[in-house]
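TrEMBL has this to say about the protein:
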DOMAIN    1-88  domain 'S1 motif'
DOMAIN    104-175  domain 'S1 motif'
DOMAIN    198-263  domain 'S1 motif'
DOMAIN    281-352  domain 'S1 motif'
DOMAIN    369-438  domain 'S1 motif'
DOMAIN    458-527  domain 'S1 motif'
DOMAIN    553-626  domain 'S1 motif'
DOMAIN    648-717  domain 'S1 motif'
């Protein structure tokens, strides 16, 4: 089938063509012409771009009319048909031969080469050489190409000026005024087998019907003009035998069907008008029905007086829900402009609710950084294809399928899955949409960095590592914005081999240090804060510099002088000089929760026995009460210098710093090592802060050492850090935990004795005070005076309770820090109480 089309969009690989009756088709780059295909083949074979090969955007522009032939139609996954076309003259003009060529004919041609006095034009007729003199092309070049020469593969609307040697040589013109003035006549001997779309003819009205009219032309041809291609200003004034000018829109030789248009742009060599971009996607509250055609759809009049068309399948959600009676002339409907048909010069509407409410209709509606829902269409080595909306698909590169690299993505994702993704890059012109599924990026609330101009010093945002080398890390953001994190900005701790700490695709917080937008240079840092130590030195400054006379590992008794927010200021007993030292809160115990509770219970004047000298930072002495650390030092299971470290050693230490890429662990005598994220836990680590906290006591296994760079890599996986008798280790740890709880209970007796009497499993009588909206309840009673006693909905059991009722309850847990008691009223627990 031959059709007249109008170029709608141009990309490097295809032309999007607007066809009559609101249809669209695509011309692949291989269906331009023989000469152009030969240049493409040469490029592939030689790997270099030939001088005379131009891209499609260099040769074609939206709004240009072209003759097309349908090469295939395919049904897509969404049920729509994809129409593939060709503008190759050999296919479009296949019905012509050299004997049929006559002066005055208008047909398609394509530039095949440049000669001394003009161009050789491929018109697709075997045995015919077509020549276009420069003189006959200069006006076109001046008006359309702005002075530049015609290019190989460029499609032209050609007028045959002269035919020589029985059609073996023809002379052409592309002068726009000459082509526009030409009218096909009977003398040109057109037949149904070679009739071309785009020909302008004089026709006579045969019959007029509600959907259009029937015309006769070129003596014995008949054709149809449908309601969309009447002249809008004359649509009501046509009558039989009236002579009109018409343009051939389509020719179907097998069914002998010819369709024509009476619209002015096609009759005078003009181009259809474009729809203002701001109108596309607009939702109109009221569009008035002008005419309803039960086999086609509905013509509407919009608020600006222009006409628009909605196909039958867009008038209702389903065929069953469609009610023709609602589309009477003059009735008003809410709709949305979903497309514009250049060939029909009409907006295309949809009345379907899901289309009106849709967030995206075209790539222009999507912005970098948008979070959106998509459906998995396919999984390929390059990544995942995701459907974002009808006609809009995006690619999730394999690097972005997860926070970590997935070796077998098909085990996590299946075709049809709904996924939440974020737009990394959107290029509407090239219909390119790149997405990420990395949860750290999708859920990030930090600013989206999508251009270098927005990269102001001090800006903190999320980025992902694309390269880790000895010089540092290259981090990428949105829209291909990228920057460098130099080696000295990777961490507050020295990192000698970044490639062993960071991995490709890793999402990290970064801070902008410097940006040069014009050079597209960006300097970044992973060091978001200077506070990396366990203690705030400014909060513990001794009155004067004291001479250090204690050795690391020495055990002393201390007296609490002052409680501060993050620790205790103490004096070392049995020291004549009253040496002042500091115990950070998290060094009061191996257990972080216990350390906070112990700090809460201690008072000024309390004595703490068996505290170990840990270090001297120059300003003050640091002490530790961590039992595991003290035991390791006393049993000589420590290293006193870097030279003593050997791979495979198990060392007891404490977390010094938690970074997004791993954990820094410090050991007695000052040696520090790094446990990278992949070696932190037997479980998958998404956020390092979910697994470790600063001050936490850990057992680490030495993985490797670098003597030259003084670097230690550690493993914190529980499965790798056991000495062999894991049961004995667990019981020893548990015994120490209960021992410290007993100590805390003894301290509590002096200030909050009532809490000490409340132990898990103890029964008591309580009075219901209040029942909350979430189903939980508050209680009061003599045994919980001054405390908050509460039970969750589950622990209230099956019976309904009301304020004022007395109930038997069982203590589940006591939170001394918050002064809360959690109880249960469930019968199965109360019955088991001794």
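In case you wondered, yes, glycine gets a Cβ from its N, Cα and C as well.
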Most CB pairs under 8 Å with the domain 'S1 motif' (458-527): which of 1-88, 198-263, 369-438, 553-626, 648-717? 648-717
Restricting attention to the domain 'S1 motif' (281-352), give the mean pLDDT. 84
Does the domain 'S1 motif' (553-626) come close to the domain 'S1 motif' (1-88), meaning at least 3 CB pairs under 8 Å for residues 6 or more apart? no
Winner by Cβ pairs under 8 Å against the domain 'S1 motif' (553-626), considering only 198-263, 369-438, 648-717: 648-717
Just give the helix, strand and coil counts over the domain 'S1 motif' (1-88), going by DSSP. 23 helix, 36 strand, 29 coil
